[in-house]
Amino acid sequence: MGKDSQNYYGKHGTPQKYDPTFKGPIYNRGCTDVICCVLLFLAIVGYVAVGIIAWTHGDPRKVIYPTDSRGEFCGQKGTKNADKPFLFYFNIVKCANPLVLLEFHCPTPQICVKQCPDRYLTLLSARNTRDFDYYKQFCVPGFQNNKGVTEILRDGECPAVITPSKPLAQRCFPAIHASKGVLMVGNETTYEDGHGARKNITDLVEGAKKANKILEARQLAMQIFEDYTVSWYWIIIGLVIAMVLSLLFIVLLRFLAGIMVWVMIVMVILVLGYGIFHCYMEYSRLRGEAGSDVSLVDLGFQTDLRVYLHLRQTWMAFMIILSILEVVIILLLIFLRKRILIAIALIKEASRAVGHVMCSLLYPLVTFFLLCLCIAYWASTSVFLSTSNTAVYKVVDDTACPLLRKTCNPETFPLRNESLQCPTARCQFAFYGGESTYHRALLGLQIFNAFMFFWLANFVLALGQVTLAGAFASYYWAMRKPDDMPAFPLFSAFGRALRYHTGSLAFGSLILAIVQIIRVMLEYLDQRLKAAQNKFAKFLMVCLKCCFWCLEKFIKFLNRNAYIMIAIYGTNFCTSARNAFFLLMRNIIRVAVLDKVTDFLFLLGKLLIVGSVGILAFFFFTHRIRIVQDTAPPLNYYWVPILTVIIGSYLIAHGFFSVYGMCVDTLFLCFLEDLERNDGSAERPYFMSSTLKKLLNKTNKKVAES
């Protein structure tokens, strides 16, 4: 038996030995992993430099405003096109050219206009009539009516024809509609191409479709943005409700941990049960309605997601998912009912610890603020980098011109000899790009931007974990709680983390950031290789993605426990990670059961809060609450604010529960160390509370004798 124990501990390190001077987090400590601290500082300096360069070269207007053939923005204030917000295509049919999909730009002249055409006219019919005054606004700026029709069309100064159009994403598209199954523009089923020939409306449809493919995503984004502008204050109210519920739940958990856990379990089951009932009622209501039996596969992807809610198959899928989730939760509760009692006791102990360090509940706000700074800097830098390309002009022509698609300068092109080879060619804005060293390095800068975001975000999270671990470890290792605790345990732990362990936090977050950026690159490669038919490559990609996902989860778990050891002992990252890993391996059964059951209970708490707020948001934004039915704003997609509230509620609940989670993990690790260091004798008494000692049938002999 002794040999087996020796071999076991040899594999997983040696147990902690009794140290009479150890009274909790060590105060006399030195700086750890200084090299990583210096590396983080240099990386931040480089990140700031990248941001400055991006802000110098970038121009977000390229994303906001459409651009005409001269590379000028439509509708931008302070420019000559300030009163011309719409982009007009001379010949929308040419947008059906494959060049559109290659360079995302139609090979036809484009100008900024005040309004889209509202009537059908051709240059031939409008010339020398009163209609030409209206027609001229769709010609190039500075147009002089001193040429013949042929010369005007050859030089691309006016469109051959204008058709009734409607603005979409600040672009003018033909107002095509169907009347009794026949496509029409205005009252016409055909249109004149401006050269005396009549063509079918379907040609316009093809051109509009190709141009519209580029804009579908932007249109969806604009509609989502509109929904946010009219519902943002209701979203904030929903998030405030989630915050109040989370805080109320935490406060109640402080005093009624056992009852609250069981109430939480019952409420989650009831919420899921109501979800199943609601899905069944919607499924039954749609029975017999026209179009409700269409399958999701036949329908395909639709930008208007409300279409899916009119399908019976959608509600059937929701009902099956919720039913499976309900059954899984009930089975877990049945088989883990005894372990749940132990987890409740651990939560009660965590409640006492949080009660003595109440300011810890506010620390997630600090983490949230720092993460918002990281996200804002990353997003703005990413936008400026993506818009720091310069305008690229290329030769466009309807004939087989040898200069076709070659780069040109619009100011000098008409004067150069090359233009004589193709008299009808035009030098037109194509896209934003560049061939300088800076432009070639843009992809690398974007990768660096993403990597630094992961590194800094993980560093912020690590700082919060070390701070909370130090505060709660001070509680556990106080023999007389709370008399032996320091005056300000949270601030003391925060100061120690920044002063001594910035390098260790940078080291741990760097390892995690490397794995995360590799996962992002794998996702990028997977998207690029989706069209490939090589099954081995697909299999290899799936394996790599799975392996790195597991690796990320393991590193997060190891880092979390390493940070607890850093907060207690002040050792470097590698030593702390090794000691934490061996300590957990020596108590693997307790780790697998107690810790994970507690995590499961916290997850149920998050689901209860998110489910409650989500159901309330659903009924409000779908105008199903009669008292406030007229208050809810009209929306393009009511799922936009609902999903935002649900995701935001989860993040808020996660922020509050993360304090409890870190407290439980810290107390659990301290408890394992306590069992190894001490034996309950008068010389080596346990530091754990009387509740935990009773739960585990442990006693201090001195207390037992008295």
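These residue numbers are counts, starting from 1, taken along the chain as shown.
Every residue, even glycine, has its Cβ placed from backbone N, Cα and C.
The membrane topology recorded in Swiss-Prot places Asp483 on the same side as Arg586. Comparing Asn187, Asn697 with the features listed in Swiss-Prot, the residue bearing the annotation N-linked glycosylation site is Asn187. The transmembrane segment annotation in Swiss-Prot falls on one of the ranges 534-554, 639-659, namely 639-659. Taking pairs at least six residues apart, the transmembrane segment (365-385) and the transmembrane segment (455-477) share three or more Cβ pairs below 8 Å and count as touching. Each residue in the topological domain 'Extracellular' (278-315) gets a DSSP state, and the totals come to 22 helix, 0 strand, 16 coil. Put simply, of 233-253, 257-277, 316-336, 505-525, 639-659, the stretch with the most CB pairs closer than 8 A to the transmembrane segment (34-54) is 505-525. When Cβ-Cβ distances under 8 Å to the transmembrane segment (639-659) are tallied for each of 233-253, 257-277, 316-336, 564-584, 600-620, the top count falls to 233-253. Between the transmembrane segment (257-277) and the transmembrane segment (600-620) there are at least 3 Cβ pairs closer than 8 Å, counting only pairs 6 or more residues apart in sequence, which means the two stretches are in contact. Ranked by the number of CB pairs under 8 Å to the transmembrane segment (564-584), the listed stretches 233-253, 316-336, 505-525, 600-620 are led by 505-525. Against the transmembrane segment (316-336), stretch 600-620 has more CB pairs under 8 A than any other of 233-253, 505-525, 600-620.
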